[in-house]
């Protein structure tokens, strides 16, 4: 899972 915009 990712909570950043640059995944």
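Glycine too: its Cβ is placed from the backbone N, Cα and C atoms.
Here's what Swiss-Prot has on this protein:
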- 2-7: disulfide bond (DISULFID)
- 1: pyrrolidone carboxylic acid (MOD_RES)
- 6: 6'-bromotryptophan (MOD_RES)
- 7: cysteine amide (MOD_RES)
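Sequence features annotated in Swiss-Prot and their locations in the structure.
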residue: 1; record: pyrrolidone carboxylic acid; CB count, 10 Å: 3
residue: 2; record: disulfide bond; CB count, 10 Å: 6
residue: 6; record: 6'-bromotryptophan; CB count, 10 Å: 4
residue: 7; record: disulfide bond; CB count, 10 Å: 6
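When the Cα atoms are compared, residue 7 (disulfide bond) and the residue listed as 'pyrrolidone carboxylic acid' turn out to be 9 Å apart.
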